[in-house]
Amino acid sequence: MYVITKKKYMKDDDVDTETVHINNAILDNSITKELESVLKPLNLMEIFFICRKYKICNSKITPNSTVYKVFSIFYTVVLMSVCGFFIFGFSFTLHVNGFEYFLQFCKILFFYQLAINTVINCFINVFRSNQIVLFTLKMQNVYELLSMTDEIKKLAVSNWWYIVSLHMFHISWITFSYFFFPGLGADYNITSYCCTILDTNLLYAIRTMKLLILPIEEWVRKIKLTRLDEEESWTTMLKVYKYLLEAYGLFEKKFEILIVVYAIQTTVKALLAIVIRIEIWKATIGSITITEYLIFSSLSLTWIIKNIVLFILLSVESERLYSALEEVQSTCKQFINLNLCSENQKRVCKNIQRLHRTNFKKMCVCGVFYIDAAMSIQLSSIISTYTIVILQFEFL
């Protein structure tokens, strides 16, 4: 049994955030059926790869046990060993020249990217499982305080749709590669499916943002409808906002590094794919038509397009999240300037503003650009800039 022990150093309407320490057990770790249905599709594929973020059993959520963590590390080592064997054990050789040598280099780079990303994911799931459980319990408290049962049911349906669509893409891609690119071999198809867990992590971040956005938007609607004489309701709204900011902080710690490695992977793979397509075009001039080349290249580049689409979804949801938080600040400012508000209500609004200033910051990728609406544009700009450089080296 797991317990969360809480220590409150201030009252509920004070600005200091309560600290929550997770020991070896969690007090009241039950989750509702609705929240469980939201988490189930996101956790399903991670269970398949033995890298789940938590355990849900009998409507109770707990951090991963020590035995499971050890087994997860062992499974990760075995999986990467198998992938390495398939990549380096059959057709891999450095006794080649020119374009073939470059392809072997791409295999090495692909394997190390896959291994690093998988190890980071395993590390986070092993050492931050408690934080993810705490995030889930805080979000459950928020949804219960705001009485948002219908919204969470709709979120569960959309989560299933996103997960099924993502994995149908992977299965379709592997099937396409098997029939149209038989030269790639079994090693490529097997290791390609291991990338599913990386895409699932980014989709997990996108849908978790959605889980944060809905109660923030509902918070704004409810506080605008709250009567000015309902002092207890105002105190409850402050407590809800504290939970939301704490949940956002936990989300940032968990997913920021995963988004960073995914951005690096997408950029490197996109540039390598462009070089490979150019070299293939040079090698096949006269043997295939331009139309055939364009069709095969377009289909093979759908992998990069899929990554960019995921980043666009992430940018859209992150901007919605920031906009919702800004609307909270704007609403509080309106109430502070309202003469009909009591001193206690104005103090609650000021505390909300202080909490926001001291506990909120935009997520930043590698200290280079923020995760917001401009992120996908900046990522595309980086890829476009280096693509122009590659074209200059290839044709000038």
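Note that the numbers count up from 1, one per residue, in the order the chain is shown.
Any Cβ shown, glycine's included, is placed from N, Cα and C.
Please treat TrEMBL annotations as automatic predictions, because they have not gone through curation.
Annotation source TrEMBL lists transmembrane segment at 73-96 (among others).
Here TrEMBL flags 108-127 (among others) as transmembrane segment.
Counting same-chain residues at least six beyond the ends of the transmembrane segment (160-181), those with a Cβ under 8 angstroms from any Cβ of the stretch are 41-42, 44-45, 188-189, 192-193, 195-196, 199-200, 203, 206-207, 296, 299-300, 302-303, 306. Feature annotation from TrEMBL assigns transmembrane segment to 160-181 (among others).
Annotation comment: TrEMBL describes 257-281 (among others) as transmembrane segment.
Feature annotation from TrEMBL assigns transmembrane segment to 293-314 (among others).
For the transmembrane segment (364-393), the residues of the chain that approach it from at least six positions outside its boundaries are 256, 259-260, 263-264, 266-267, 270-271, 274-275, 278, 308, 311-312, 314-316, 318-319, 322, judged by C-beta separation under 8 angstroms. The annotation transmembrane segment is assigned in TrEMBL to 364-393 (among others).
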